[in-house]
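As recorded in Swiss-Prot, the features of this protein are as follows:
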| type | residues | note |
| --- | --- | --- |
| ACT_SITE | Cys159 | active site, S-palmitoyl cysteine intermediate |
| BINDING | Cys131, Cys134, His144, Cys151 | Zn(2+) 1 binding site |
| BINDING | Cys145, Cys148, His158, Cys165 | Zn(2+) 2 binding site |
| DOMAIN | 129-179 | domain 'DHHC' |
| TOPO_DOM | 1-20 | topological domain 'Cytoplasmic' |
| TOPO_DOM | 42-56 | topological domain 'Lumenal' |
| TOPO_DOM | 78-172 | topological domain 'Cytoplasmic' |
| TOPO_DOM | 194-210 | topological domain 'Lumenal' |
| TOPO_DOM | 235-338 | topological domain 'Cytoplasmic' |
| TRANSMEM | 21-41 | transmembrane segment |
| TRANSMEM | 57-77 | transmembrane segment |
| TRANSMEM | 173-193 | transmembrane segment |
| TRANSMEM | 211-234 | transmembrane segment |
Amino acid sequence: MLAGCRVALPRGLRCCQRVLSWVPVVIISLVVLWSYYAYVWELCLVTVTNPAEKAAYLLIFHTVFLLFIWTYWKAIFTPPKQPTKKFLLPYAEKERYDNEERPEAQKQIVAEFARKLPVYTRTGSGATRFCDTCQMVKPDRCHHCSVCGMCVLKMDHHCPWVNNCIGYSNYKFFLLFLAYAMLYCLYIGCTVFQYFILYWTDTLSNGRAKFHVLFLLFVALMFFISLMFLFGYHCWLVSLNRTTLEAFSTPVFQSGPDKNGFHLGIRRNLEQVFGKERKLWLIPVFTSLGDGFTYPMRMACESRNPLLAAENQWEDDLTDEESQAYCETSHITVHIEK
């Protein structure tokens, strides 16, 4: 894999940038640690008196907590996958590109090299997608992250709360992190609520525990509402096989822009992210389909076989292998006007 193609910055500035980028993660970690203390100690061990209730609360809480922490860890420390060297402009072409002053001639150099690569999406003007910073042709759905300083396969967005770029290699972990974070907040809110009422009405009077329990409910509710909207938005994206970037900027193919260019049907869209083994969908292990460089495309398939477009209106049961087989027979060529 390629090392990150980073813009040259003074060493001191880079160091400060790296340190500051961890601030949101530290904030979230401190809130989670406090919530663990408040729930386990102040609620379960101090406030709850029924032994059976206490044991049940602690058992379920730690199960949800471990899943939440596991997915958060994976979202933070799973590096985004980068394009391989075959997408990097070779030395000879790079020399020609750098020495050429005419933009049209530069586009022609890139287009000639890109004909050897499995790339089908284009810029808005129809040119080959090329990263000037990394000096490489961008694979489909790949974008350059200015924060990470590198091109990321199937880039969705850069998330400051995990200090990582979310893309092909870790999007499943990010979704599971949102889901288990919501479940964590929901479970805390549901189990704390009855004791919140008791403290609020002064039925219980433990001063220190009262503060933690009352504040715990407010924090859990606040995070749950925020996460609910974010998770719902990403569920919508997954159902359409889109990334956040593609939702804001429609992918462009040879025949033009198509916001549903990668839409394969809800079931197959889910499998693109979570894989075919449903027993592994809720576990933070990598199961996404493909290699990160090529993707089944509805537009490519339909342009090759127009009957497929009508057929898809009635049947949505093609396997990913069949869909990919259709797409692999379709090749898109860029024509540069002189």
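Residue positions begin at 1 at the first shown residue.
Using N, Cα and C of the backbone, Cβ positions are placed for all residues, glycine too.
On the structure: features taken from Swiss-Prot.
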residue: Cys131; record: Zn(2+) 1 binding site; CB count, 10 Å: 19
residue: Cys134; record: Zn(2+) 1 binding site; CB count, 10 Å: 22
residue: His144; record: Zn(2+) 1 binding site; CB count, 10 Å: 18
residue: Cys145; record: Zn(2+) 2 binding site; CB count, 10 Å: 18
residue: Cys148; record: Zn(2+) 2 binding site; CB count, 10 Å: 21
residue: Cys151; record: Zn(2+) 1 binding site; CB count, 10 Å: 27
residue: His158; record: Zn(2+) 2 binding site; CB count, 10 Å: 19
residue: Cys159; record: active site, S-palmitoyl cysteine intermediate; CB count, 10 Å: 19
residue: Cys165; record: Zn(2+) 2 binding site; CB count, 10 Å: 25
Would you mind listing the long-range same-chain contacts of the transmembrane segment (57-77), meaning Cβ under 8 Å and 6+ residues beyond its ends?
25, 28, 32, 36, 39-40, 43-44, 48, 159, 162-164, 166, 170, 173-174, 176-177, 179-181, 183-184, 187-188, 191, 284
Residue distribution over DSSP helix, strand and coil in the domain 'DHHC' (129-179):
9 helix, 16 strand, 26 coil
Tell me the Cα distance separating Cys134 (Zn(2+) 1 binding site) from Cys148 (Zn(2+) 2 binding site), rounded to the nearest angstrom.
12
Integer Å value for the Cα distance linking His158 (Zn(2+) 2 binding site) with Cys134 (Zn(2+) 1 binding site) is 18
Smallest Cα-Cα separation from Cys134 (Zn(2+) 1 binding site) among the recorded positions Cys145, Cys159, Cys165 is shown by Cys145
Lying 6 or more residues past either end of the topological domain 'Lumenal' (42-56) yet within Cβ distance under 8 Å of it, the residues of that chain are 191-192, 195, 204, 206, 208-209, 212-213, 216
Measuring CA to CA, name the entry from the recorded positions Cys131, Cys151, Cys159 that ends up nearest Cys145 (Zn(2+) 2 binding site).
Cys151
